[in-house]
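S.K.: This is the structure, below, for whatever I ask next.
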Amino acid sequence: MKEKASPACTVDSSSCPPIKTSLDKQSTSQQFCRPAFTQKFRESTSGKVWWTIFTLLMVATVSVRFYKLRYPEQVCWDETHFGRHANQYLQRTFFFDVHPPLGKMLVALFGYLDGYDGSFWFEVGKKYGDASYMGMRIGCAIMGALVVPLCFLTIWEMTASLPASTFTALCLIFDNSLVVLNRFILLDPMMLFFISATFFSMAHFNKQKRSFSFLWWFWLSSTGMFMAGSFSVKFVGLFLVFLVGMRAIYDLWIILGDMSHPVTYTVKHFLARALCLIALPVALYVAIFYVHLRILHLGGEEDEFYSSAFQVSLKGNMFHNSTGPREVAYGAVIRVKNNVLEGQYLHSHRQLYPVGARQQQITTVYIRDPNNRWFIKRHNQSSPLWNATDPIDLVRNGDLIRIEHRTTGRNLHVHRGPAPISNKMYQVTGYGVRGEGNDDDFWRLEIEGAAEGEVLEIVRHSFRLVSPNNKCVLTSTTKNLPEWGFGSAEVACNPKIHDDRAYWHIDDNRYPRLPNVSYTIYELSFLERFIESHKNMFMGNAGFRPKISDFQSRPWMWPINFRGQFFSVEGVVIYLLGNPIIWWGHCLCFLFYFLLWIVNAVIEKRAVNISDKQLNLQRRTLNTCKWLFIGFLCHYIPFWPMARILYFHHYFPALLFSNMISGMMLNYILETFSEKISPKFYTYFVSGLLLAFFYSFYLFTPITYGYPNRPSQYNDSQMYGMKWISSWEF
């Protein structure tokens with residue numbers, strides 16, 4: 001059907017100004033009047049209705065989020081990790097973590113403001129006692145609680161519909177899982193806050209009528225800043241970049257098609273978005289990391305996750321203010337370390353392999369131990385001993401060498417049989433007597449990026465050891481030996497030469513005939529430390545592979561609330577589980593959204609004659625839900641191909657968008673039937689919906705706020721009869 005120039009409206013058309021986009025022009029597809037209920041609430045914003053509802057929602061949010069916040073008075077789940085990280089910030093001690101630093105810095109700040117001194121040792125199930133932990137819980141709860149008003153105001157800004165905004169807020173308030181996630185010392189409340197704030201700012205920006213005005217710049221910059229906050233807490237926040245980026249591309253495409261402006265106008269918009277949505281977030285992220293590295297300037301137990309050059313700048317670390325020969329000479333006593341994350345030292349001991357060649361074990365270990373010391377000698381040299389009158393013979397790239405274990409006198413040797421665990425690789429053993437052996441002890445030194453004949457240096461040079469006889473490369477595998485190997489990491493010789501784990505470096509060099517130099521010459525710049533930190537974080541995330549015994553939480557389980565997640569089992573039980581009525585309602589709302597999209601497509605294709613009011617309602621709902629659904633997909637689909645171990649809480653960024661879609665769908669249903677139902681029925685329906693949300697929330701409060709550890713099958717259990725599906729574990 002043909003669109004009328006001035007659509008009919010249930011209110012006087014003079015009170016229905018056309019909605020404009022951020023492109024300084026009126027969008028034909030958006031020239032519609034707000035439906036009756038929405039217009040009624042819109043008119044009442046200057047009075048008490050809007051503020052009364054908003055205030056009641058905020059009171060409810062604070063009530064459910066802060067109720068019994070002190071309880072349980074013990075460390076729950078990941079509080080043990082992020083509490084310890086707060087300790088390390090307060091004590092300025094360096095540590096390793098797979099997440100960016102902002103969230104942990106905020107946790108430490110919350111504790112500091114509450115007078116916490118970082119002395120409590122966090123351990124799952126441990127009682128807090130006199131420790132000042134409430135500041136950290138309150139700070140996380142505040143940021144989690146702010147998600148509710150942000151989502152409410154986002155829907156209001158996008159639709160000016162008070163019912164849709166209210167339904168969205170109710171879904172968030174009475175969701176048991178969000179209450180649990182917001183009550184503990186975790187990163188998730190902060191990440192959800194920054195994601196909500198980003199989408200809220202983006203919605204405000206898209207409503208600006210004057211391009212390049214102060215408010216236009218303010219909301220565009222706010223979008224970039226909050227987006228930086230989201231991926232500075234967890235890398236999951238990077239999924240938000242796809243949503244913001246797609247919206248920016250969409251806007252630029254529309255601007256480009258506006259023939260009233262020259263192409264240079266589009267270029268200006270592009271540059272503004274590049275500045276605020278790319279340059280600003282990157283600058284903020286780097287600045288946060290700079291502060292992180294400046295605060296953590298003392299060495300700690302987790303320094304070994306980083307290279308020796310990285311450790312030089314950490315006060316108290318063995319490399320800080322140390323000295324040693326820079327170049328490596330034959331006859332030197334060296335310590336060899338693997339380059340990968342959690343790089344371990346090449347190690348041997350007198351115990352023999354009980355399998356394969358029953359020769360001396362070669363492994364890698366974390367600890368600095370006398371058995372990590374090796375002599376380096378030429379391939380045709382049996383004894384590593386040297387005379388003071390002999391010329392100094394430096395080790396060079398391309399040399400054929402032998403490496404002899406200092407304690408036992410065995411050479412690093414390749415046995416052409418399968419390694420104990422990685423049976424596609426060759427076994428590496430300690431072989432020979434007092435340095436005597438055979439040509440399977442020979443290794444060709446290949447320094448990465450060095451010229452032939454270049455002298456080997458400690459710390460700076462990364463190298464491989466290639467066995468020319470067996471055409472394999474010395475590597476530290478990802479597997480640990482069983483009890484007979486003391487759980488140490490397996491060392492093998494890999495016929496596949498291109499192995500990322502086959503690179504090593506020397507971090508300690510003892511040779512009295514060469515002059516010592518200060519290790520400060522190896523100190524990395526901020527940019528080098530920044531890059532190495534990210535390499536380690538990415539490798540650490542990739543290393544979270546599920547074990548056979550681990551329960552696999554898979555993405556298909558999350559939307560249907562298939563299985564929850566224990567937060568506490570010691571003394572009291574806290575179980576992360578969504579409000580079933582709300583979560584299963586989300587699934588129905590998704591189905592309804594798809595149905596509405598199909599119906600609207602058929603109506604437009606077949607030119608079906610429907611009222612202008614209904615047509616405008618459908619367009620408004622679908623246009624808003626389109627971006628909400630894209631946001632949901634951006635935060636949900638990437639988890640499907642992931643090989644790393646996944647947890648239920650990974651779904652919650654996507655859940656925010658699911659809640660807003662449900663709010664929109666519930667509002668659409670009520671608006672559609674607004675003229676066919678009486679105000680009394682409307683009131684009963686909304687009251688019944690609210691009652692269902694609240695009653696379902698109430699039924700599951702024992703696992704939200706904690707109940708005594710008593711299984712649900714017992715009559716005296718608070719959760720007796722509440723195990724609605726067998727996969728729930730309480």
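Every residue gets a Cβ built from N, Cα and C, even glycine.
Curation plays no part in TrEMBL annotations; they are all automatic predictions.
For 49-67, 136-156, 184-205, 217-250, 270-291, 583-603, 624-642, 648-669, 681-700, the entry in TrEMBL reads transmembrane segment. Here TrEMBL flags 325-379, 392-448 as domain 'MIR'.
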S.K.: Please give the average pLDDT for the domain 'MIR' (325-379) in this predicted model.
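M.R.: A mean pLDDT of 91 is what the model gives the domain 'MIR' (325-379).
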S.K.: Counting only pairs at least 6 apart in sequence, do the transmembrane segment (136-156) and the transmembrane segment (217-250) share 3+ Cβ pairs under 8 Å?
M.R.: no
S.K.: Taking contact to mean three or more C-beta pairs under 8 angstroms, with sequence separation of 6 or more, is the transmembrane segment (583-603) in contact with the transmembrane segment (681-700)?
M.R.: no
S.K.: What stretch in 49-67, 624-642, 648-669, 681-700 has the biggest tally of Cβ pairs under 8 Å against the transmembrane segment (217-250)?
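M.R.: Between the stretches 49-67, 624-642, 648-669, 681-700, 624-642 has the largest tally.
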S.K.: Which residue counts does DSSP give the domain 'MIR' (325-379) for helix, strand and coil?
M.R.: 3 helix, 29 strand, 23 coil
S.K.: Who are the chain neighbours of the transmembrane segment (648-669) in space, where the CB to CB distance is under 8 Å and they lie at least 6 residues beyond its ends?
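M.R.: Same-chain contacts beyond the ends: 147, 151, 154-155, 159, 161, 163-169, 171-172, 175, 177-178, 181, 188, 191-192, 195-196, 199, 236-237, 239-240, 553, 555, 557-559, 563-565, 576, 578, 582, 585-586, 589-590, 592-593, 596, 617-618, 621, 624-625, 628-629, 631-632, 635-636, 639, 689.
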S.K.: Mind checking which residues of the chain, 6+ beyond the ends of the transmembrane segment (681-700), have their Cβ under 8 Å from one of its Cβ atoms?
M.R.: 64, 163, 167, 170-171, 174-176, 577, 579-582, 666, 670, 674, 722
